[in-house]
Amino acid sequence: MIPSGGLPNAKSSSTADSSVLQISGGHRLQGHVKISGAKNSALVIMAGALLCSGECRLRNVPLLADVTRIGQVLSALGVRLKQTGDILEIDARVIKTSKAPYELVTQLRASFFAIGPILARLGVAQMPLPGGCAIGARPVDLHVRGLQAMGAEVQIEHGVCNAYVPGSSRRLKGAKIYLDIASVGATETLMMAATLADGETIIENAAREPEVVDLANFCIAMGAKIYGAGTSTITIVGVPQLHSTEYTIIPDRIEAGTFLVAAAITRSELILSPVVPEHLTPIIAKLQDIGVPIIEEAPNCLRTLSAETLRASDIETLPHPGFPTDMQAPFMALLALAEGDSVINESVFENRLRHASELNRLGADIRVKGNVAFVRGVPMLSGAPVLGTDLRASAALVLAGLAAEGKTIVQGLQHLDRGYDRLDTKLQQLGARIQRIPLAQVNAEVASNPTVEELPTSGATNRENVQSQ
Ligand code: EPU
């Protein structure tokens, strides 16, 4: 069992901080890529294991810094964890404290979602507010209002959300909750809380993302009664307790989408598995519209063929089953090389277009006005040093670097490593010329050769937004 040090193996953020990716672009990729378990399922399912008065065994857990971090949050609550490869055992029979540590929760937004299970199990929870992050303010008002509707008293003081359930039973009560926004996190927090509440909870305008369904299936495997996950009305009938289970996390649709774009942007053929093609419908449809042929080889396997021409296409990000905001940055990199003008409207988060200016450093022609990016396709990109400002922005820059002529250096790997399971290693295996090298090595090259461009100095952008997605 692992003590509060968390899980081993995922790259530590200090290593990621001091390394960069050096990409020599313009080369085709080839081969098969294995898609890892879904980050946004794994994180919330790990929090969901707090509901269980027994042991849970999770399979297909991706190797990510964010998984390590949420493991640290669980350890700090007294939960025992053991990781062997992609299997993670979580023993939450005893939860020693209801107070989640500030230093950890503020680094990882998803850990706030644990307020639902902690409150449901213990009747009391103390959770620091996660704060904003690189892509927007990201309030948690819907989580809080939903818990209040279920009978919790909630006070926010000194940046901490203190919640408790009055009454001798300390059990939350089922309620009818309408979410103003179909928030993924709020749906998950409230669904988890409701599994152990007295009576029936109905969540209306619930998020329909596959990760919400995955969490519901995990809870059902522990004995929860949840109906309608994947639709906009979820009904949960509370049960007295949940039991041990084994559960396999779904493949990561955003990682799969990122590799589909990697193939498209380098005009390559790739095979991806395992995937759930229905989870990728909006991504596949958009790629086909852009001119990228994609074939379903088997029920869990996709083959993408080399595109003759990349065509411009407009995108509006929307809750599932609309086009996912997490794929917006990678598609911006692709559309930067398409023929014609594309308009990208980011309607989920208010500050998620910061990669546009970094793509412009690589020769893209993108103008941003408010939450809309106007992308004028260019025939080629050329390598340059760039800085990833959030997880998906960093991925977009790697993709652009794969297509750009010459050398691209991507900084900001602490973001990338939070959400992609060894992206650089997987790309290397497909033939990409991509290497993780110490930042010091690049700086030494710059110092010794004045013709080498210096790395972007917007270090503040990099460091001020270290909170995870
Ligand atoms: N919102 C509120 N109040 C709330 C909750 C959300 O106003 O109480 C707003 C947000 O500010 C945002 C919108 O609602 O403008 C949608 O946010 P949502 O709650 O759906 O997002 P989330 O649960 O915080 C998850 C993923 C994100 C993904 C979004 C949307 C996890 C850990 N994170 O965030 O993943 O972009 O859903 O699909 O599940 C990523 O992986 O790169 C990432 C950012």
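Glycine too: its Cβ is placed from the backbone N, Cα and C atoms.
For the UDP-N-acetyl-alpha-D-glucosamine site, TrEMBL lists Arg138, Pro139, Val140, Asp141, Leu142, Asp326, Val348; matching the candidates Arg109, Arg170, Arg376 against that entry yields Arg109.
When the alpha carbons of Arg109 (UDP-N-acetyl-alpha-D-glucosamine binding site) and Cys133 (active site, proton donor) are compared, the span between them is 9 angstrom.
Farthest C-alpha pair in the UDP-N-acetyl-alpha-D-glucosamine-binding residues Arg109, Arg138, Pro139, Val140, Asp141, Leu142, Asp326, Val348: 22 Å apart. Its Cβ taken as reference, Lys39 (phosphoenolpyruvate binding site) is surrounded by 27 other Cβ atoms within 10 Å in the chains shown.
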